[in-house]
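> So Swiss-Prot lists these for the protein:
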- 11-31: transmembrane segment (TRANSMEM)
- 35-55: transmembrane segment (TRANSMEM)
- 76-96: transmembrane segment (TRANSMEM)
- 108-128: transmembrane segment (TRANSMEM)
- 139-159: transmembrane segment (TRANSMEM)
- 175-195: transmembrane segment (TRANSMEM)
Amino acid sequence: MEHYLSLFIKSVFIENMALSFFLGMCTFLAVSKKVSTAFGLGVAVIFVLGLSVPANQLVYSLLKDGAIVEGVDLTFLKFITFIGVIAALVQILEMFLDKFVPALYNALGIYLPLITVNCAIFGAVSFMAQREYDFGESVVYGFGAGLGWMLAIVALAGITEKMKYSDAPKGLKGLGITFIAAGLMAMAFMSFSGIQL
């Protein structure tokens, strides 16, 4: 149990996808203008990561040498299978949001299908394969990585909403000041890197 707790804390804070590895920055910067939209996208990313990392762990275990047929190693297919599983889960999420939460579906717009190619999603799945997590570890890691990404985007959206009323220099208004805020947040999250779990 302690191992899973340390893996969860590590994936949320120490190895934050957005602020430590800088993965998923396109949607991270583009959707971080309103807290409500950022929260909705964060929940969507938690859903996709929470399901795609363990699902891809199961698929990857079938691709390993001797898993299906003795002497056949299909691990060279891992990238295409990872992308296929992620795309299927995002399509399910998109259909669900369109049917049951149309306001969030419309607010996310083009960024919802872009979760399919969000490098934070693919990065978490690749880290799972590289670190050889078992199924339980992949569930904890997927949920923790998604929660960490959501924490980062909601915090940046809150800062961005407050900065609308600030007196920033004209050249830094908009994306410039957002980059500075994201950089300062990343530096703050670097303080977690010295923690050994």
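Cβ coordinates are placed from backbone N, Cα and C, and glycine is handled just like the others.
Worth saying up front: this structure is predicted, and the values here are computed from it rather than measured.
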> Look over the recorded stretches 11-31, 76-96, 108-128, 175-195 and say which has the most C-beta pairs under 8 A to the transmembrane segment (139-159).
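Looking only at 11-31, 76-96, 108-128, 175-195, the most contacts with the transmembrane segment (139-159) come from 11-31.
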> For the transmembrane segment (108-128), find every same-chain residue at least 6 residues outside the stretch whose CB is under 8 Å from a CB in it, and list them.
17-18, 21, 23-24, 26-28, 30-31, 37, 40-41, 44-45, 48-49, 52-53, 56-57, 60, 82-83, 86-87, 90, 93-94, 97, 137-138, 141-142, 145-146, 149
> Short question: which residues 6 or more past the ends of the transmembrane segment (11-31) have a Cβ under 8 Å from it?
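Tertiary neighbours of the transmembrane segment (11-31) are 37-38, 41, 45, 108, 111, 114-115, 118-121, 123-124, 140-141, 144-145, 147-149, 151-153, 156-157, 175, 178-179, 182, 185-186, 189-190, 192-193, 195, 197.
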> Short question: which residues 6 or more past the ends of the transmembrane segment (175-195) have a Cβ under 8 Å from it?
13-14, 16, 19-20, 22, 28-29, 32, 152, 155-156, 159-160, 163, 166, 168
